[in-house]
Amino acid sequence: MIRNPDVIPGAEEYDVDVTIDPAERERLLSVGPEDVAGPGEDGGPDHLSFARNVFIPLTTACRYTCTYCTYYDPPGQASLLSPEDVREICREGADAGCTEALFTFGDDPDDRYDAIYDQLAEWGHDSIHTYLREACEIALEEGLLPHANPGDQTREQMAEVADLNASMGVMLETTADLEAHSGSRRKEPGQRLATIRTAGELGVPFTTGILVGIGEDWADRAESLLAIAALHERYNHVQEVIVQPVSPNERWDREPPSLETMRRTVAMARAGLPETVSVQVPPNLARTRDLLDCGVDDLGGVSPVTDDHVNPDYAWPALDELRAIADDAGVPLRERLPVYDRYVDEDWLSEQVLATVSTVTSTDETGT
Ligand SMILES: O=c1nc2n(C[C@H](O)[C@H](O)[C@H](O)CO)c3cc(O)ccc3cc-2c(=O)[nH]1
Ligand SMILES: C[C@H]1O[C@@H](n2cnc3c(N)ncnc32)[C@H](O)[C@@H]1O
Ligand code: MET
Ligand code: SF4
């Protein structure tokens, strides 16, 4: 066994103890698309799912500067949505039949962003997390289910908002120490894994994933997937794993991963994760049709109303397009909530979230 504290940067500091069986890693490294089943195939998924969301970029301030990211704004230019902005976006989303309020924003802005904190203080908040709690309340009031991905979170931060979220998420990205995360303030795999573990401890249905093509190698991809699988085995909380190709933008002008790389990585994800954990590829970034047979069963959150603010150059396909993809694969397209069905009970969700689940389900007129 490889004990990850020995090999994963930051694992020791964050006391993350996951073990990876070298034999499992070797097995995954030899997996290819021919070894897994796609929708409609024997043993493959019997449908494709997606969720309808609105993307709410609470703040563009971020403590990190990941070199592939076009999302964050430097101090002085960073934005903060007001409670009224949040309500407005939620209303528009609810009117368009969305079920999910996706709060994805900069990781815990640091003290270079004094103006953001001054504004938060004016609104009665001393952290982005207490403000996120208010934003989640607004979303629930408007009939949407919050799914927050604020990046890394301490146990205290996650506990502050967990009861108002249907599910939460953070991309592991990778277990490797990479140039793309270089700099004095940087994402550390150990801290990401600790966030995923905290979600397990707090009983939060969770979305995570890997970012493909940021400098990691095949062994890193296998290890990243196995680290996710190890934490899921402990807590049973990982509902889906996103296999996200890094996509070029004005800050990242490298080639995205090839179709062949994506095919093999998706197959590795399918083979390395338990069957109940969905494998998602984002339909605006990946060549979904050419990846289905590698084990994809979910198309993620798509929005009829808002942009993908993380990847603004990549438009969402229309619902018709998703339906055509499912048709081609010979399986039905099913709209899901941001929380997967198996987690919809009192063990996993608060009364408040369950109440909104009931409203959303009873007014469901999606007809997919
Ligand atoms: O529109 C996006 N949605 C992203 N989502 C949303 C995701 O597709 C849905 O919110 C989940 O499938 C839940 O329905 C993420 C959610 C996470 O928990 C973690 C990472 C992402 C990444 C993106 C993203 O880059 N763009
Ligand atoms: C919210 C998630 O968006 C992903 N992310 C950030 N930048 C990019 C990019 N250029 N292409 C694809 N995904 C990206 C990261 O994986 C982050 O965790
Ligand atoms: C554009 S990334 C948004 C979420 C968070 N900052 C993360 O990287 O996980
Ligand atoms: S990917 Fe997330 S953590 Fe990295 S710079 Fe962008 S917003 Fe910040």
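If you go along the chain as it appears here, the first residue is 1 and each next one adds 1.
Glycine residues also receive a Cβ, built from the backbone N, Cα and C atoms like all the rest.
Listed in TrEMBL:
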type	residues	note
BINDING	CYS62, CYS66, CYS69	[4Fe-4S] cluster binding site
DOMAIN	48-284	domain 'Radical SAM core'
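Shown in sequence order, TYR64, THR65, TYR68, TYR71, TYR72, GLY106, ASP107 are the same-chain residues outside CYS62, CYS66, CYS69 whose Cβ sits within 8 Å of the Cβ centre of the [4Fe-4S] cluster site. Its Cβ taken as reference, CYS69 ([4Fe-4S] cluster binding site) is surrounded by 17 other Cβ atoms within 10 Å in the chains shown. Secondary structure from DSSP puts CYS69 ([4Fe-4S] cluster binding site) in coil. Mean pLDDT for the domain 'Radical SAM core' (48-284) in this predicted model: 97.
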